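Feature annotation from TrEMBL assigns coiled coil to A:231-288. Annotation comment: TrEMBL describes A:5-166 as domain 'CSC1/OSCA1-like N-terminal transmembrane'. Among the features that TrEMBL reports, domain 'CSC1/OSCA1-like 7TM region' is placed at A:352-616. As annotated by TrEMBL, region 'Disordered' applies to A:687-713. Taken from TrEMBL, the feature transmembrane segment covers A:6-27, A:85-109, A:145-165, A:352-371, A:391-417, A:452-470, A:546-575, A:595-618.
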2 protein chains.
Amino acid sequence: MILSALLTSVGINLGICFLFFTLYSILRKQPINARLYAPRLVAERKLKDTGFNLERLLPSAGWVKRAWELSEDDLLESSGLDGVVFMRIITFSLKVFSIAALIGMAILLPVNFTGSQLKIDISDLPNKSLDAFSISNVNNGSNRLWIHFCAIYTFTAAVCCLLYYEYKYLSLKRIDYFYASQPQPRQFTVLVRSIPTVSGQRLDESVEHFFREYHPSTYISHTIVRRTNKLQQLTNDAEKLYKSVAQMKSQEYTRGFLGIFGNKAQQLSKLEKRLEVVEDNMRMEHKQSTLGGKEVPAAFVYFKSRFGAAIALHMQQGINPTKWITEEAPEPDDVYWPFFSTSYLGRWICKLGMLVGTFLLTVLFFLPVLVVQSLTHLEQLERYFPFLKNILRLTVVSQVITGYLPSLILQLFLSFIPPIMKTMSSIQGYISTSEIQKSACSKMIRFTTWNVFFANVLSGSALYGFDLILEPKKVPLLLAQGVPAQATFFISYVVTSGWTSLSSELFQLMALVFSYIKRIFSGKESDDLVVPSIPYEKEIPKILSLGLLGITYFFLAPLILPFILVYFCMGYLIFRNQLLNVYAPKFEMSGKYWPIVHNSTIFSLVLMHIIAMGIFVLKELPLASTLSAPLPVLTLLFNEYCRQRFLPIFTTFATECLVAKDKKEQDNPRMAEFLDKLVDAYKDPALKPKVNDNNNDDNRLTSPLLRSGEIRV
Amino acid sequence: MILSALLTSVGINLGICFLFFTLYSILRKQPINARLYAPRLVAERKLKDTGFNLERLLPSAGWVKRAWELSEDDLLESSGLDGVVFMRIITFSLKVFSIAALIGMAILLPVNFTGSQLKIDISDLPNKSLDAFSISNVNNGSNRLWIHFCAIYTFTAAVCCLLYYEYKYLSLKRIDYFYASQPQPRQFTVLVRSIPTVSGQRLDESVEHFFREYHPSTYISHTIVRRTNKLQQLTNDAEKLYKSVAQMKSQEYTRGFLGIFGNKAQQLSKLEKRLEVVEDNMRMEHKQSTLGGKEVPAAFVYFKSRFGAAIALHMQQGINPTKWITEEAPEPDDVYWPFFSTSYLGRWICKLGMLVGTFLLTVLFFLPVLVVQSLTHLEQLERYFPFLKNILRLTVVSQVITGYLPSLILQLFLSFIPPIMKTMSSIQGYISTSEIQKSACSKMIRFTTWNVFFANVLSGSALYGFDLILEPKKVPLLLAQGVPAQATFFISYVVTSGWTSLSSELFQLMALVFSYIKRIFSGKESDDLVVPSIPYEKEIPKILSLGLLGITYFFLAPLILPFILVYFCMGYLIFRNQLLNVYAPKFEMSGKYWPIVHNSTIFSLVLMHIIAMGIFVLKELPLASTLSAPLPVLTLLFNEYCRQRFLPIFTTFATECLVAKDKKEQDNPRMAEFLDKLVDAYKDPALKPKVNDNNNDDNRLTSPLLRSGEIRV
């Protein structure tokens, strides 16, 4: 990719960004779009209608100001610790790349540009690649490479310092947040799985007996999990049927005469009969489920104190370590019910299967990446599609194809992956939606690292990556050859994947189009207002993949750094705005995403070191390569230290915390009430009587049978 | 090495074994050797003197009968669970190699021998290597290799079954043993390290405050660890001085006149003055130690129940995970006091340093192995030492040198390693002698695996091993080439390292010689009777290294199997005899050695699979190689399952166990007494007043000052 193609890509993306920003600044002020651009405020009834005025039609940057002024305490209050951690990931990246850009642009870029290795004619720059600004242009064996060497050491030290302070800050925040939290059911609950079946004893009795015997002073009660997939399905069917019936009836009613359209009436009675059958089935299924016929060997066990629950959680309970397995209970709404029924061995096999599946998906995705990469080589395209030759010869077209299209297509392919990863994680046996999301996030990070970074870098030799595992000696040299060559492609990737996806995050093009279409065809808005939560499994891998690019290219091609810096500046404002207006926290993970970010950054650093060692050999300065060897070792030792010093704080709470919190609330009169309610916290939603929570809107209610709670046993 | 050289080696070793057995059978019956051959019985005063009779001078096999008849329950009672586990390691190996020998000798050996790949002339066998019996002799691409293929699958399945049942049996035994055990201080104690120093608060107060606050219902008391290295040294000095003074005085006394030898009297008064100085210093040091001047931020904390101690052990205590670190307390006598003073970071650095040290030692030991291997090539020796030419040409000499010497020298070198490994483990920061021994055992296993197996196999190319890590693809082929070639060397190794070391274990040649020399020169036996415990760090690695050889050579050269089988048969009898008469259990590890053996066996299996995959490629049967690929995967999955199913039982005890045991002893009146004594269990021996436990023997007592307890504060 040459400079002009890159500029085309940057131009297109800049244009799109500018368009989206302007449109957003106007459209967000139209009340008709409130549910799209500020669902959170709508749900919290915080949106005031100011009436129509001319200002509404002009783009304004008021939202930028509000986003800028948001303080961390406000953010903590409105979006929870996870929101704060998410924003701190961005500010952390901002700090890292400010340092990187400073070193890179002020020191490394001039050094690179004044080299003469590539003998680039500056007057012909637009038709050349950007190699003049990269380390490739420094003369081989030149002592100027020691500047790069020092830059790498300095940058690594700076990033490690930032990582350390961030980890420390967030671990303190996490503990403070715990101390300040209201009592939550999950703090007092433990999920017990693989309860052994004793002949002649019901599961219910087994659990009661076990915990009365071994945790006599802290055990309160428990809820056995039941297999309700079928009931859930029947409920859904009934709800759908009831909706149809209700709709039909209201239609008949508006037409005035019941029975005029005989056909319709027949249909209605048919539907009503089917509804009755389904409701009968539901009643039977419900009875079976609650009477123990469909018990799953899992239970939520409630304790009197947080410390009591933690003891049950952290100690091995049964003599057989594959029985009485205790897990952290998720929040009641967060429980992912469908996957409870499998046995220990079943879960293990599912887990293994999904690991293999993720691996295969990651590897096979290599193929579309290869296709994308072939686009950057126009000659191949001309050979395969000769009829396109004339069009391809146009400068603009060729520049669009080589500059913009590859990253766009990669982007499109990538957007299909998060839902697949989420499904895989859910099969893997996690019992809460938030854990599924976290696991999908980790999977996505590995996926993007491999497919965006390595696949593009190593695409020169098809499926070479697999051989690499078998010949690790060649890795540094291969990377050193492949990585600098892809600098321009990755700049274009940053612009497309970073800038444009950020601005479309703000503008929500697709959602906007869908809502307009819906409004035109159905004549009204959809009934349910869904306040989304941050799609961590999409956003964090994207941020981290740009971080990986920034860190690895920091000393190779510092020209990428300003683009990344702009991305994070935009991200800072846009995500703050979105957290204010759009996303509401659904489940609390209490900052558990930070360790993922930490590990990922360490990985990027070590990768940079390995590339550096390869580059210095290629550049005929082997001493620098040898002297770089301690860097990855030191970085990994630093990581190990952090892992011991901070990671435990992010996985559990210490006795000190738990007992202190328990003692503080001992005399709180509301605690007794809370503990009374606790035993009903983890009821399967399918077994709960449905309560209509929106009485104004009769269309939304479910079967009257369910509403009245008739089928409670 | 050719067949005749091997036979020489086998002959020499057989001769030595026979000699040792006969001598042992006579000498063990002489009362003068009782302290050597039955120290345990002497210590337990179970040895009856039957008076002199002629039978005592004839070799008899009574000890074999007694060893054979020993039941497992008796063994459990006399040698603890560790003794049982040790014997079960041998019986497990016996079972494995019975199966292997059956398949190998009955099926594989005939198949190999009837092949014609190597075109070996059977009449000239003595001067040929043993390759006629190995897989090398099977024709390339022959379908007979499928017999080997099936044998590998069958053998792997059999070993995995045995492993599973053994793990299951031992985990049940471990729990039974726990239930049957008397209350032990360590069950109620937790070692807390890295206690944070709060200004204005003594360590003592900090610990008291912390555990009163967070474990109010179970905490009893604690003992702060003090830095007593200096005190210990002073005590030793004082003891030595006192002994000299006492000896001198008694000598003077026997000579009748005090002061006749003026020189001696002067010496005596000098010594007495020095003793006084040392005692003064001791008094000061003792005061300082007990008054808190030399406190180490570590404490033994005592709890009312086993469950209470386990809670403190398994839960993270402090908010900062590097403070208030809890560890399992060893038995009081088992505590390794010298290494308590280092900080968390210091321990971490020591650990890293020792890991690097072990790695270097393991790698550098390669050099002596190379020298040993060069002995098997006589021509080289002749070139370096031309004057030996005539001697080397003698058949017997050359056969001894190529057949017997290499394994003997390797054996000698190897015997220096266990103490070094033990020292390294002690620096690594373990706080109990038993853990140091266990860690040294693991280190030794890695060491022997690398230096005995890989170094000999890959010795063709110097330090090639290091390259292997960087090119894992070549490993199977390299092993497939190298391993079969060393079959005869390893048979000789089994005979030397296995048979002879076993019989010298029984006969204790060196100890016997030393005791005779001592008796001749000092005229009397040494005073202290030391009952040794099994040197696990020597014996288990040896057993496992032979197991590794047996498993990997099982299908390559089945001729090795009978030799290994004989080793384990001998080992069965000899170790049972030693456990009865010689070794007494010192510390209880409750069977924690079994997981090490399990992992090691799995490693051997996987290594066999990798070699098999290489061999099948070399033998031009690639389909068999591909079809072998699932084997290591399945074996590792099996291992993972065992790790989840059984390993936790070997690391801790479950709530179910602990609470049940606590409840059983709740009403035992002796428990109150036990808990009273508990708080004094973990006193540093240097701070305890010395009590002379052998009043009959005045020579052994220490300074009267220490004896009288005068320096107690």
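A Cβ is built for glycine as well, from the same backbone N, Cα and C atoms used for every other residue.
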Looking only at residues six or more beyond either end of the transmembrane segment (A:6-27), which have a C-beta under 8 A from one in the stretch?
33, 37, 56-61, 63, 126, 130, 396, 399-400, 403-404, 407, 488, 491-492, 495-496, 499-500, 502-504, 506-507, 509, 512, 570
Pairs of Cβ atoms less than 8 Å apart decide it: which stretch in A:145-165, A:352-371, A:391-417, A:546-575 has the most with the transmembrane segment (A:85-109)?
A:546-575
Quick check for me: are there 3+ Cβ pairs below 8 Å between the transmembrane segment (A:352-371) and the transmembrane segment (A:391-417), leaving out pairs under 6 residues apart?
yes
Top stretch among A:145-165, A:391-417, A:595-618 for CB pairs under 8 A with the transmembrane segment (A:546-575)?
A:595-618
Under 8 Å between C-beta atoms and at least six residues away from its ends: which parts of the chain pack against the transmembrane segment (A:595-618)?
89, 92, 96, 135, 145, 148-149, 152, 156, 159-160, 163, 166-167, 438, 441-442, 445, 449, 475-481, 483-484, 540, 544, 547-548, 551-552, 554-556, 624-625, 628-629, 631-632, 635-636, 638-639, 642, 646-647, 650
Within the coiled coil (A:231-288) only, compute the mean pLDDT.
73
